[in-house]
Amino acid sequence: MNTIGKLFRLTTFGESHGKAIGGVIDGCPAGLFVDMETIERELLRRRPGQSHYTSPRQESDMVQFISGLFRGETTGAPIAFMIDNKDVRSADYDSLSSIFRPGHADYTYFHKYGIRDTRGGGRSSARETAVRVVAGAVAKQLLAPLGIRCTAYTSQIGPVCIPQENAKEYSPEEVESSPIRCPDPNASGLMEAVIETAKKESDSVGGIVDCQISDVPVGWGEPLYGKLHAALGAAMLSINAAKGFEVGDGFALASMRGSEANDQMVAAEDGGISFLSNHSGGISGGISTGQDIRFRVAFKPTPTIGQKQQTVNEQGESISLSAVGRHDPCVVPRAVPVVEAMTWLTLADAYLASRSGRCAHSSLKCNG
């Protein structure tokens, strides 16, 4: 599948070392003014070569819009766009053309399709996420009038995490003040040391991205097979290297009792309701409660490392491999804007669905 979404849809195309990558957004309402500077800012956050902790690959990521815009506004037609690949070194992968790299999609792509693009991972490369960031920036602008806020950040690298007692709602400025997008200064320094150590040892390290969404109205999401947290989970787990997802207190709920886990409610003075906790992460029955939506995404270590590893080639022979190429020692810092982009895409889809299915008689307001 190369398409995500039902009403607000994104289809992506392109490979890591192909001529270009790109996408088509379908379902975006007409009349939305698209601010190109907003798109450029989001792309800059994801772009490689930003710091000592990211891949040295240099890409300008200039977006060319081909259709769907007229004088800066959406027309209701499909919005097609492309980003040229400029800084490719396909020769780095010549020696790997018949080798299955451990932890990559080489083996599975080859056995599924009988052919694979061996240059930089081809279609399975995280280079494709630049397209998601563009589309996410459009979705973000669509939802801007609603005042929804979404902030993702690095909460853990390797064994180092932000202490639970320090966790709070962070601002985008706090997140971006850290080279690895960890808004807790003390934890950020320790995490940077973990990445640095792994890099010096020709190794890599994984981590966790936390995301908080505020001011989503009550009622977004559908029962059963269209649950909002299921859509968010599918979106997050489609990101390269994502291996785990939990919403609210997630797996910790398994060790609680119902008396602890239930988010109890009380009547508010303004006639609405207030929740006494938010263990469910702002979603109940697959539908938003009006509370902050909280979730976490776990990312595995970058599979390409300089240490010698055992693998096989297409002929079925056992060999040893020390990987080459330009790669991040940790994908987490650059995954933060991708998590936000996929969140905006999911919310835009839920927003369009909510406009056709909302009950006109609901008068209870949630006060968080």
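Start at 1 and count along the chain as shown; that gives each residue its number.
Every residue gets a Cβ built from N, Cα and C, even glycine.
As recorded in Swiss-Prot, the features of this protein are as follows:
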BINDING   Arg46  NADP(+) binding site
BINDING   Arg123, Ser124, Ser125, Asn240, Ala241, Gly285, Lys300, Pro301, Thr302, Pro303, Thr304, Arg326  FMN binding site
Checklist outcome for this item: Note: in the chain of Ala241 (FMN binding site), residues six or more apart in sequence with C-beta under 8 angstroms of its C-beta are Ala126, Gly206, Phe299, Lys300, Thr302, Pro303, Val331, Ala335
Checklist entry - How many Å separate the Cα atoms of Ser125 (FMN binding site) and Arg46 (NADP(+) binding site)? => result 14
Item to check | Position of peak Cβ density within 10 Å, selected from the binding-site residues Arg46, Arg123, Lys300 | outcome: Arg46
Checklist entry - What's the CA-CA gap between Arg46 (NADP(+) binding site) and Arg123 (FMN binding site) in angstrom, rounded? => result 18
Checklist outcome for this item: For the binding-site residues Ser125, Thr302, the largest set of other C-beta atoms within 10 Å encircles the C-beta of Thr302
Item to check | Thr304 (FMN binding site), number of other Cβ atoms within 10 Å | outcome: 22
Checklist outcome for this item: Thr302 (FMN binding site) falls, by three-state DSSP, under coil
Checklist entry - How would DSSP class Arg123 (FMN binding site) in three states? => result helix
